[in-house]
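Features of the protein shown, as given by Swiss-Prot:
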BINDING   Met91, His176  heme binding site
CARBOHYD  Asn58  N-linked glycosylation site
CARBOHYD  Asn61  N-linked glycosylation site
CARBOHYD  Asn114  N-linked glycosylation site
CARBOHYD  Asn167  N-linked glycosylation site
LIPID     Asn226  GPI-anchor amidated asparagine
REGION    193-224  region 'Disordered'
SIGNAL    1-25  signal peptide
Amino acid sequence: MASSSSSLLILAVACFVSLISPAISQQACKSQNLNSAGPFDSCEDLPVLNSYLHYTYNSSNSSLSVAFVATPSQANGGWVAWAINPTGTKMAGSQAFLAYRSGGGAAPVVKTYNISSYSSLVEGKLAFDFWNLRAESLSGGRIAIFTTVKVPAGADSVNQVWQIGGNVTNGRPGVHPFGPDNLGSHRVLSFTEDAAPGSAPSPGSAPAPGTSGSTTPGTAAGGPGNAGSLTRNVNFGVNLGILVLLGSIFIF
């Protein structure tokens, strides 16, 4: 009788685990409310800095609409930034959108920066066209940057860089921290179904500067490109455990 009760208990636990496993593997970005923004086709939990990217690729005009969500490193006066690097994989050469709160309950200010070197952070035009640029304050102290950028025709991925920083003085952002996460906040963003997750775009010449509009080893381990593999591994491990438990019931 005791053996039968133990078997039933094990079976009940196994069924419970199988039911909750999809919730365990679900991406956090899918539950985010982006206020007035429409739905995006895809989203990624970026691997560092508690940051998220929502995006939609439009092949008809080679554009990428994005919403970048992050929390500044300081509750008051901090900034967040998302960039595309047409010529490399890290910060130098990045074409960045940077947002910060100006105070008084107003919407965050968002500016563009052409980052020519690690020691230079000067506001200026970007090397590609963009439009519909804006920023919003979200719950939990987060800031969201929205924009649509022009990407090269036929491209299936871009090098994205993101960052969070501290104080902003007279509209000029301060230096960001130099911890491992801050230095590792760059990944390849593959935005078409045919893109190979591990292949980084080859650095080349930046496109000719466009007009700004009005007012996201290849992908490293643990990065956005491996999210699907992680989910599959979690579910496979759970299902294998269930099979082992069920087998033990019938054997004993």
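In case you wondered, yes, glycine gets a Cβ from its N, Cα and C as well.
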Greatest C-beta neighbour count within 10 angstroms, which of the glycosylation sites Asn58, Asn61, Asn114, Asn167: Asn114
Spatial separation of Asn114 (N-linked glycosylation site) from Asn61 (N-linked glycosylation site) - C-alpha basis, Å: 24
Cβ neighbours of Met91 (heme binding site) where a neighbour is any other Cβ within 10 Å: 21
His176 (heme binding site) CB neighbourhood, other CB atoms within 10 A: 22
Distance from His176 (heme binding site) back to Asn167 (N-linked glycosylation site), taken between C-alpha atoms, in Å: 9
